[in-house]
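Enquirer: Just passing along the structure, written as structure tokens.
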Amino acid sequence: MGAEKAELGMEELELEEGGGSPSPSPMTAAGKMQALDFEHIGSLAAVAESLSTGSKWRRALTSVRVVILQAKINQGWVFLFSLIGITPLAERLGYATEQLALYTGPTIGGLLNATFGNATEMIISLYALKNGMIRVVQQSLLGSILSNMLLVLGCAFFAGGLVHPSRDQVFNKASAVVNSGLLLMAVLGLMFPAVLHFTHSEVQYGKSEVSLSRFSSCIMLVAYASYLFFQLKSQRSLYSPIGEEEEVTEDEEEEKEITQGEAICWLFVLTIWISILSGYLVDAIQGASESLNMPVAFISVILLPIVGNAAEHASAIMFAMKDKLDITLGVAIGSSTQISMFVIPFCVVIGWIMGQQMDLNFQLFETATLFITVLVVAFMLQEGTSNYFKGLMLILCYLIVAASFFVHVDPDSTGDNK
């Protein structure tokens, strides 16, 4: 009897140390579950630790975490599936924005396109900025500009040229020149912080380039706001598509497929959905780089922007095949202008508010790549015509850029912080 009592006493002591009983109450289990954090992969570890030491459930959850989620190769799968999942959401976000713009008029519609047209890039960038991954922010935004100017515009010119092979397609040269000037201004804003840093000519090393970047970002935001006023209010005739003044009013009512309230609801839902997937995507970048044997720079500059530009890519090609080159340029070059003159300065200002040292020093390799790209595209647009050969040249230029970033080693060894 004494041995049995001692044995029972040891069992009770073990149960007390484990923090539970043979049949825990529902309130106790609910309290434990509310204390857990399911936002990241490490949440399984918290689940396992909350269970008793000898529990089979704890061992099973620990096994899943170690075997499936901690493996570097599985980080690559998380990244790829998140990449695939964001692509159709980005396209639908662009569609909902276009539908809402039909109800709000051209001025507010232009602001909506500026805000939501690159919403995927902004969400990914803000999430990475919150985690201190400044280089990922810089490279993904740079990649969006390069993708729009070379790949999207090149594919649109190429497809339009194949559909209309007997003649050159014509677009409004004046609006293309204005956009080229804004892109050169963006290059100017990115170049001086990089030159200031690499020539070691700062008044205060490490601080002057950040201060210059924040000042330049505010100037670029003012310039972009002035551009919107100039485009949508002051000089609307300058941006009228060639030969399509009468078609716009006839087609607007036919294109309204959902109501204004539905468009707003879908924008809200899709933005939240993309935000969730963007969190997994950004968290898995480093592991995906190791498991897929790809540089982080290649993933940030090439793969991420292709997903964010899915909507622009499809619509630009479609309009080019319909011989509506002005809309194609508005999608491709207009999106590049939005990112360079609005999204990048906006991220610098938001980083300033967050206490992150986000600046316009994109490093020499990236800045030189952007400068050469802007020059190439400006030369392609100066005649106001396009054909399949110009499109092919732009696509081949993008392949060279992609190969360059595949063999490029980022000067920051961590790839996250400056």
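Just so it is clear, glycine is given a Cβ too, placed from its N, Cα and C backbone atoms.
Annotations in TrEMBL come from automatic prediction, not curation.
Below, the features straight out of TrEMBL:
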- 1-29: region 'Disordered' (REGION)
- 77-232: domain 'Sodium/calcium exchanger membrane region' (DOMAIN)
- 141-164: transmembrane segment (TRANSMEM)
- 176-199: transmembrane segment (TRANSMEM)
- 211-230: transmembrane segment (TRANSMEM)
- 263-282: transmembrane segment (TRANSMEM)
- 263-405: domain 'Sodium/calcium exchanger membrane region' (DOMAIN)
- 294-320: transmembrane segment (TRANSMEM)
- 327-354: transmembrane segment (TRANSMEM)
- 360-381: transmembrane segment (TRANSMEM)
- 388-409: transmembrane segment (TRANSMEM)
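Give me the structural setting of these features: burial, nearby parts and distances.
Expert: Within the same chain, residues 118, 121, 125, 183, 300-302, 304-306, 308-309, 312-313, 316-317, 319-321, 323, 325, 328-329, 331-333, 335-336, 339-340, 343-344, 347, 362, 366, 369-370, 373-374, 376-377, 386-395, 397-398, 401 sit at least 6 positions outside the transmembrane segment (141-164) and bring their C-beta atoms closer than 8 Å to a C-beta of that stretch.
Nonlocal intrachain contacts for the transmembrane segment (211-230), taken as residues 6+ away from its ends with a CB within less than 8 angstroms of a stretch CB, comprise 110-111, 114, 178, 182, 185-186, 189, 192-193, 196, 337-338, 341-342, 344-346, 348-349, 352, 358-361.
Beyond the ends of the transmembrane segment (263-282), by six or more residues, the same chain brings 39, 78-79, 82-83, 85-86, 89-90, 92-93, 96-97, 99-100, 103, 116, 119-120, 123-124, 127-128, 131, 133, 136, 304 to within a C-beta distance below 8 angstroms of the stretch.
Secondary structure counts, DSSP: the domain 'Sodium/calcium exchanger membrane region' (263-405) has 119 helix, 2 strand, 22 coil.
Among residues of the same chain six or more beyond the transmembrane segment (294-320), those with a C-beta under 8 A of the stretch's C-beta atoms are 79, 83, 86-88, 90-91, 93-95, 117-118, 120-121, 124, 135-136, 139-140, 142-144, 146-148, 151-153, 155-157, 159-160, 163, 169, 281, 285-286, 288, 327-328, 331-332, 335, 366, 386, 402, 405-410, 415.
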Enquirer: What residues in the same chain, six or more past the boundaries of the transmembrane segment (360-381), come closer than 8 Å to it by Cβ-Cβ distance?
Expert: 138-139, 142, 145-146, 149-150, 153, 173, 176-177, 180, 183-184, 187, 189-194, 196-198, 209, 212-213, 216-217, 301, 329, 333, 344, 348, 390, 393-394, 397, 401, 404, 408, 410-411, 418
